[in-house]
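S.K.: Handing you a structure now.
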Amino acid sequence: MVKNRNEIPEALTWDLTTIFSTDQKWETELEKVKKELSLVETNDKGHLLDSAETLLTITKNMLSISQKVEKLYVYASMKNDQDTREAKYQDYQSKATALYVNFGESYAFYEPEFLKNLQKETYGKWLETLQELKNYDHMFERLFAKKEHILSQKEGKILAAPGEIFESPSETFEIFDNADVKFPFVKNELGEKIQLTHGNYGSLMESENREVRKAAYEALYSNYEQCQHTYAKTLQTNVKVHNFNAQIRAYDSARQAALMSNFVPEKVYDVLIEGIHQHLPLLHRYIELRKKILEISDFKMYDIYTPLSNLDYKFNYTEGVKKAQEVLAIFGEEYSQKVKAAFDERWIDVEENVGKRSGAYSGGSYDTKAFMLLNWQGTLDDLFTLVHEMGHSIHSTFTRENQPYVYGDYPIFLAEIASTTNENILTETLLKESNDEKERFALLNHWLDSFRGTVFRQSQFAEFEQKIHEVDAEGEVLTSEFLNSLYGELNEKYYGLSAKENPEIQFEWAKIPHFYYNFYVFQYATGFSAASFIAEKVVHGSVTDRQNYLDYLKAGSSAYPLDVIAKAGVNMESTDYLESAFKLFEKRLNELEKLVEKGVHL
């Protein structure tokens, strides 16, 4: 039975008093920051470029207030997440969100004033006369890089007005898909009739009973088939918004606009898709192996997620902590001390309680600990989640300790590398420690499935996303028929399973929320691949390799993303890191195939 919040031992909860010792102090700080923001328009707007001194002063003031806003927000957000039923912290969350909006509105003048009125020559002279501006040089350099794509204040204001309209395709999808659409009733493994939901679909697809999987799969996609024209319209409109925004800002494409916003060259995307295409035979081999293990001659898409091992790993939290510390010790003393601090100083909210937010995350702000939320159940997945979130938290801690606030964060493009590197090292460690063939079989299957779902599947999404934006930009209509055909062909190309014999999968595009995120998913694939490459260097490389990795963790956003990850020895415009990742996939697939030949799966 799930406990109430007050029944959880204090040692297993996060210590948010290190942010604000009392709620009253949070409320006092909130009012103070609101007052500071109320003065911005009067004191700063229109004066940013009066002189080098005003540029420096207003920039420092903006960053100082931003730092305070983030601290207020994370306290409210985490208080709310620990028990979402508490009205007080729901109110705190609303107030903190409103403060974020207020901050954005107050400093809306900053970029347009900077880019419209400041020439690089003038800025260069100011740098010579006021050395302190150099502390923000990379931030200003990023702004100058946007210059040809920035809108005037008047244009920006006009386009800000229909902002809610531009959000409506994704919001309509979300409401329709999560609230309005009701899936049919199906039978579970016990033969009980249950209503199919997004929440239970995953567990039904992992059922050992093939009839249960088939029924859930067909029931789910019958709904998407029935509503395909509505989903096509929301997706088409969303793509049009992306293409429109790119066009008016003088980008060549929506993809260029999305990637350049994070200073990621388009070549990274192209190298990924090219590398994936070259190694699709490996995925086809893995599918054939699943087919052999499950003894299914007419293998279908609903057989993809069936666990190949029923080995039940169990870890209590104390064992999980010990294992995480052992595994992450490979990074050296500096990293290990931070991991120890995370456990000793209560950075982690461990157990599930009534009203607690589901899932897991790493959070915090520049001025706080890098807190983590878990919902520990003692499974192998929970151990992987622990080291994953620890990867984010130690990345954040290194960044915040080594960079000023202006560079004290990092883009999602870099974030997933630090977390999945830890997952890869955990896999390597568990495999190294295990001589039991059934254990090795389970671990290899776990990693190969993660690779398939993160690298191959997300790349399939990325390829689909690129194609639909290109087709819309050429003036073609994204009808449901076109989307079905494109997705079915891609799925056959990736998995080697006939589109004709798997007709339901052509509707999968309709259920993927990431297609509304604007060229986001490719980062999962690049991140996992880079992490596989780095983990191999850390485990089998030199002390220098490990130090280079720490240098990447410490860099934050003090340089462009590709320059930061290059510190860890990864060139993401080259196929080398992908080749290394696929080589590891093949190595582990080879071992799994040999174990199957020996009958270990039986």
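Cβ coordinates are placed from backbone N, Cα and C, and glycine is handled just like the others.
Straight out of Swiss-Prot:
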ACT_SITE  Glu389  active site
BINDING   His388, His392, His395  Zn(2+) binding site
S.K.: Would you list, in sequence order, the residues of this chain other than His388, His392, His395 that have their CB within 8 A of the centroid of the site's CB atoms, where the site is the one recorded for Zn(2+)?
M.R.: Ser362, Glu389, Met390, Gly391, Ser393, Ile394, Ser396, Ala415, Ala418, Ser419, Asn422
S.K.: Same-chain residues six or more away whose CB lies under 8 A from the CB of the residue listed as 'active site'?
M.R.: Ala360, Tyr361, Ser362, Met372, Leu374, Ser419
S.K.: Are there any residues in the same chain, six or more apart in sequence, whose C-beta is under 8 angstroms from the C-beta of His395 (Zn(2+) binding site), and if so which?
M.R.: Tyr410, Ala415, Ala418, Ser419, Leu553
S.K.: Around His392 (Zn(2+) binding site), which residues of its chain at least 6 apart sit with Cβ under 8 Å of its Cβ?
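M.R.: Listed in sequence order: Ser362, Ala370, Met372, Ala415, Ala418, Ser419.
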